[in-house]
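Colleague: Handing you this structure, nothing more for now.
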2 protein chains.
Amino acid sequence: MKVCKFGGTSVASAEQIKKVAAIVQSDPSRKIVVVSAPGKRFSGDTKVTDLLIELGRASLAGERVEAPLEKVVQRYAQIAEELNLDPAVIRAIQTDLWNRLSADKSNQELYMDRIKASGEDNSAKLIAAYFAASGLQAKYVNPGDAGLIVNDLPKRAQALPEAYERLATLRNSEAVSVFPGFFGFTKNGTLRTFERGGSDITGSILAAAVKAELYENFTDVDCVFAANPHTVANPVEIEKMTYREMRELSYAGFAVFHDEALMPAFKESVPVCIKNTNHPAAPGTMIVKERDYSKRPVTGISADSGFSTLYVSKYLMNREIGFGRNLLQILEDEGISYEHIPSGIDNLSVIIRSHQLTPEKEARIVQRIQTEMHADDVHIRSDFSMVVLVGEGMNHTIGLAARAASAIARTGANIEMINQGSSEVSLVFGVLKHDETKILKELYQEFFEPALVK
Amino acid sequence: MKVCKFGGTSVASAEQIKKVAAIVQSDPSRKIVVVSAPGKRFSGDTKVTDLLIELGRASLAGERVEAPLEKVVQRYAQIAEELNLDPAVIRAIQTDLWNRLSADKSNQELYMDRIKASGEDNSAKLIAAYFAASGLQAKYVNPGDAGLIVNDLPKRAQALPEAYERLATLRNSEAVSVFPGFFGFTKNGTLRTFERGGSDITGSILAAAVKAELYENFTDVDCVFAANPHTVANPVEIEKMTYREMRELSYAGFAVFHDEALMPAFKESVPVCIKNTNHPAAPGTMIVKERDYSKRPVTGISADSGFSTLYVSKYLMNREIGFGRNLLQILEDEGISYEHIPSGIDNLSVIIRSHQLTPEKEARIVQRIQTEMHADDVHIRSDFSMVVLVGEGMNHTIGLAARAASAIARTGANIEMINQGSSEVSLVFGVLKHDETKILKELYQEFFEPALVK
């Protein structure tokens, strides 16, 4: 059986939901359908989730809620009308929203979570109703009833092991299960949401629980591209990549999936397919455990800006056991995670995502390294980009680093950092932000357009 | 004034000591002379230090000491005879050795230190006597009398700040000071040795204390070469390099200086010159604080084998604050220092000098990382070499990494690791040991023999 997840744009309108129904009907193995809240129908439209945030905020502020509530209900009502659904569906949604609004406000975060989660929940109810009306044997499944039990981490809930056991029984359902994404319940029945974009996580958990043959993730693109289409014109489509490649690509700007979303599917080795609701015939991009990588060494190239470098030098540093660990402890005390630690003999740099730093934190870090570690030189520089080449087995392709470094040299840009040696699937270059675009273009040219090389 | 240090081969025989005297006489600014114990006169010869270790070992074992003692005395006696020195010099050395042998044996380490240090001490007495006999105003200086006060670290003594103050008065001496290398005294008068090869350290301390214009380090080579002459035929001579370049080169096989030896000179910005006792007219290699590096980006290429890689992977590792620190803590618990930590997104490698590992330690480390850190994969691989390109400003030369990586690709070898980004003076490639020699040759060809490129 297959688990299909449909994102916000796939369920944004009646027209889109008809496509979803057609997709599910066309393949009897599509037995579990996870849905998001209705997203944007056009550029400038507002997502239902954002309408719900506005509604919850107004309610918590003691403002009148009729107008923001009507906006939410209207979105569902318009869909239901165009799908010729029984008006009872909309009355049920309205009642559900009033119930949530009148709930206990003592914990504002939990209150907001319940309001937000209604977006996916009511979307699932409406879509299940439409499936049934179109002659598909289908039913809405409540995550609490189905056993999606999560731990109590606010906004970053994680499914407990017993959740997988209980959800596995969805395999036995004759009807198509329509399951809302984004939330689960703790053991004592409190609703908890996953991170934003968490419908991907729900789909991944269900795919793992029922040991699906495939987890299809329907969105509004035909596939994942080998490079950012905003930078490179008509980039190559990625037919197949491994989980590891997906992870490395997502590091620097490829918003393919939420970081944690694939974890459950990955652990059960369920293959994932990124597909387009608007063009279901396109093969999409497969994400698998292993693939043959003999054809092309590089799968994709990504780039992201917003990195800073903390540089520390001290004569005879490499003789001091514990130097690196002490340094990382200072960063940890400031709650800062790091990306890479290139090191020389008497110096090292720590590559950090700049958003974690503030002028005060920087001053404290530099001060502590100077006074506690007696460093000769400490400074922080910002405005770096990381450009990442990703491909299974790439680092065992002789001459690949040379080709990449030569391509960068052709742009006239300097390489500030090279990191290769741990991952077998990536090669990371640190460059100045203002060089990022030209480097990405040149690397794409080098590895994906050999026929067009001047 | 200049501080001159003469190594073991420079004072191994009467013939050599005559060269030393001529060198000192030829430049009146050479006012402080630091000497080692007599070294090897020919391949297969035994250094006096090794004879002394044999003597001390025999004494501690309660064996008869006459024969090993005679071997030591004989070395000095032969030198003294060929230099036509008063036999009283040798009688004094003999008495000194008997005194040391009959000292308290309760601390075997200190006992051995005293015996070993006699090598340099008596060398200094003998050479001072010869200087005086040749008409040079010169005197032996005892490190204890001169104030070379050290801390109490066994075998790794370090000069205390007040030592520099007291030694500074050597500036005022009319006579040339002949100073034994390798040892100092703690505040309570205990003799403590520096690390082996520690005469370089003594010279460096004295150069810093008297704020010498130059610290001349006389050895048996004309200069430092840009690559290992055993691998590359007739490598280029390095005329001038910076302290940082020297440090980076010494990392991988360039036994130019003991790691810590240059620290005192470095801190006082005293330039250092490596010169040849057998060919003092050769300009030697200068080690300075800063140099112009516009002419040639790469100063030297070194390579060293004996590295291992500890590989750790865990899905979503980079989300765990503290992961790297915890890993380094486990290594620290085993007393292991590391060289580099290349990292991917969900994995990292720690490059370690293999001599620190044993099968037991490896098993414990792997076990702890698996159980305490819940890693997906942990393994250790050995037989890596590090090849290091060193040059000031090198990492700001556009295209340099590309040239280096291309040269390596030409050899057909794979690059296992690249580390660039912290040090501005080095670029480190991790390769398999069996590829090391061909890579070193090709890199030398690329950066030092452009005219000969095929």
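Placed from the backbone N, Cα and C atoms, the Cβ positions cover glycine too.
Relevant sequence annotations retrieved from TrEMBL are reproduced here:
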type	residues	note
BINDING	B:LYS5, B:PHE6, B:GLY7, B:GLY8, B:THR219, B:ASP220	ATP binding site
BINDING	B:THR49, B:GLU120	substrate binding site
DOMAIN	B:389-454	domain 'ACT'
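Please go over these features one by one and say how buried each is and what sits next to it.
Modeller: The local packing around B:ASP220 (ATP binding site), expressed as other Cβ atoms within 10 Å of its Cβ over all shown chains, amounts to 16. According to DSSP, B:ASP220 (ATP binding site) sits in a coil region rather than a helix or strand.
According to DSSP, B:THR49 (substrate binding site) sits within a helical segment.
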Colleague: In the domain 'ACT' (B:389-454), how many residues does DSSP assign to helix, to strand and to coil?
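Modeller: Helix, strand, coil within the domain 'ACT' (B:389-454): 33 helix, 13 strand, 20 coil.
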Colleague: Which chain-mates of B:GLU120 (substrate binding site) that are at least 6 residues away have a CB under 8 A from its CB, listed by sequence?
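Modeller: When sequence neighbours closer than 6 are ignored, B:GLU120 (substrate binding site) has B:VAL35, B:SER36, B:ALA37, B:PRO180, B:GLY181, B:PHE182, B:PHE183, B:SER199 within Cβ distance under 8 Å.
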Colleague: Which number gives the other C-beta atoms within 10 angstroms of the C-beta of B:THR219 (ATP binding site), all protein chains shown included?
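Modeller: Total other Cβ atoms inside 10 Å, all chains included: 22.
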Colleague: So if I draw a 10 Å sphere around the Cβ of B:GLY7 (ATP binding site), how many other Cβ atoms end up inside it?
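Modeller: Excluding its own Cβ, B:GLY7 (ATP binding site) sees 22 Cβ atoms within 10 Å.
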Colleague: Need the DSSP three-state call for B:PHE6 (ATP binding site) to compare against my parser.
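Modeller: In the DSSP reduction, B:PHE6 (ATP binding site) maps to strand.
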Colleague: Around the recorded ATP site, report the further residues of that chain (criterion: Cβ within 8 Å of the mean position of the Cβ atoms of B:LYS5, B:PHE6, B:GLY7, B:GLY8, B:THR219, B:ASP220; site residues excluded), sequence-ordered.
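Modeller: Result: B:THR9, B:SER10, B:VAL11, B:SER36, B:GLY39, B:SER199, B:ASN217, B:PHE218, B:THR277.
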Colleague: Go through B:LYS5, B:PHE6, B:GLY8, B:THR49, the listed binding-site residues, and name the one with the sparsest Cβ surroundings, counting other Cβ atoms within 10 Å.
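Modeller: B:THR49, out of the binding-site residues B:LYS5, B:PHE6, B:GLY8, B:THR49, has the fewest neighbouring Cβ atoms within 10 Å.
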Colleague: Over all pairs within B:LYS5, B:PHE6, B:GLY7, B:GLY8, B:THR219, B:ASP220, the annotated ATP binders, what is the largest Cα to Cα distance, rounded to whole Å?
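Modeller: Those residues reach a largest Cα separation of 12 Å.
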Colleague: Measuring Cα to Cα, how many Å separate B:THR49 (substrate binding site) from B:GLY7 (ATP binding site)?
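Modeller: Per the Cα atoms, B:THR49 (substrate binding site) and B:GLY7 (ATP binding site) stand 12 Å apart.
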